[in-house]
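K.L.:
Please find one structure pasted underneath; my questions will follow.
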C-alpha cells in the first residue's frame, strides 16, 4: 500500500506568516497572548502553547492592560484596536493581507451607503472582523439557495447592495448565491414597477464581489485530482476550520472513500480495506489551509507503520 502526501496542501501564506511571526515574537520577548486560536487546528495550537502562547477570549482581552497581544490572520473589528489603545495594549498584528484588503473594501462600500451582504458563517472570527467594518450592520448569508427566511427577511431589496464573501468560502456556493440574489432583486423590481417605461435608474444597484482567497479556490481542482488518483483519501483538518469543511467536500465529491480526521488517533482500519478484505493500493493524505504539513506527514507515517505493514495484511 502506497501512502502519498499532497504537497499542495498545508498552510496558506496568511496562516504561515502568522505562525512564523508569533514564533519569532516569542523567541525574542517570551510568552505572548493570542486573541482567539491562532489557527483552527487543535494540534498546532497545542504545539504553540507549549512554546509560550496563551490563547484568550475577547472577554479576557477586555480585562488586560499594559501587555502584548497577538492578532491572528482572521483579523479583528475596529473595536478591538480601540480597546487596545485605551488599555495600553501593544498589538502584534498578523491579519492576512487578503482579509485586510477585504475589510477596507467593505468599509468603503458601507460609507457610500451600500447595504452589505456577506457570504459566510455567522460568528466566524473573520466574519466578526468584517462585520465590524460596517458597524455590525452587514447581513451574513450562509445558505446559497436562500432557503433560510431568517437570513433573507433582513435584506432590503430596494436598497443598493453589495455582496462579498468570507475569504475561505467555496466559489460554487458564492456564484449560486449571486445568481439567486440577482433573480430576487430583479423580481422585486418588476413587482414594484409596472410601468414598462420605467427608467433603468430605478433598478436597485446590486453588485457581487468575489473575495474568496485564490489560494483557497485554486486548491479545489488540485485536491479533486489528487483524490481521484488515490483509492482512499485521509483529509486532515481542525473541526473548527471553515476551509477544512469546504475542501473536505471537494475531496469527498471526487472520491467517496474520503475520511475526515483531526489527528492520527482517529484513523480506522476498515478505511484501508476493500470489500474482499485486501488492502487498498494507495492512500492520499491531504488537508486544509490551516493544517500544518508536519501533521499530515505524521499521519502518513502512522498509516505506513500501522496499516501498511505486512503484519496488518496477515492479521
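Glycine residues also receive a Cβ, built from the backbone N, Cα and C atoms like all the rest.
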K.L.:
Can you tell which of 74, 143, 259 Swiss-Prot lists as binding isopentenyl diphosphate with 40, 124, 241, 242, 243, 290?
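P.N.:
So, going by the record in Swiss-Prot, that would be 74.
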K.L.:
Sorry to bug you, but what's the C-alpha spacing from residue 167 ((2E)-4-hydroxy-3-methylbut-2-enyl diphosphate binding site) to residue 96 ([4Fe-4S] cluster binding site), rounded to the closest Å?
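P.N.:
Per the Cα atoms, residue 96 ([4Fe-4S] cluster binding site) and residue 167 ((2E)-4-hydroxy-3-methylbut-2-enyl diphosphate binding site) stand 10 Å apart.
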K.L.:
Applying a 10 Å Cβ distance cut-off over all chains shown, what neighbour count does residue 243 (isopentenyl diphosphate binding site) have?
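P.N.:
The answer is 26.
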K.L.:
Where does residue 126 (active site, proton donor) sit in the DSSP three-state scheme?
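P.N.:
DSSP assigns residue 126 (active site, proton donor) to helix.
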K.L.:
What whole-number Å value do you get for the CA-CA distance of residue 124 (isopentenyl diphosphate binding site) and residue 167 ((2E)-4-hydroxy-3-methylbut-2-enyl diphosphate binding site)?
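P.N.:
So the Cα of residue 167 ((2E)-4-hydroxy-3-methylbut-2-enyl diphosphate binding site) lies 11 Å away from that of residue 124 (isopentenyl diphosphate binding site).
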K.L.:
Could you name the residues, excluding 40, 74, 124, 167, 241, 242, 243, 290, of the same chain that surround the (2E)-4-hydroxy-3-methylbut-2-enyl diphosphate site, i.e. Cβ within 8 Å of the Cβ centre of those residues, in sequence order?
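P.N.:
After dropping the recorded site residues, what remains is 125, 126, 168, 240, 244, 288, 289.
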K.L.:
From the Cα of residue 167 ((2E)-4-hydroxy-3-methylbut-2-enyl diphosphate binding site) across to the Cα of residue 290 (isopentenyl diphosphate binding site), what is the distance in angstrom?
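P.N.:
Per the Cα atoms, residue 290 (isopentenyl diphosphate binding site) and residue 167 ((2E)-4-hydroxy-3-methylbut-2-enyl diphosphate binding site) stand 13 Å apart.
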K.L.:
Which residues, in sequence order, are found in the same chain with Cβ within 8 Å of the centroid defined by the Cβ atoms of 12, 96, 213 at the [4Fe-4S] cluster site, excluding those residues themselves?
P.N.:
13, 14, 15, 73, 98, 99, 167, 168, 215, 216, 289
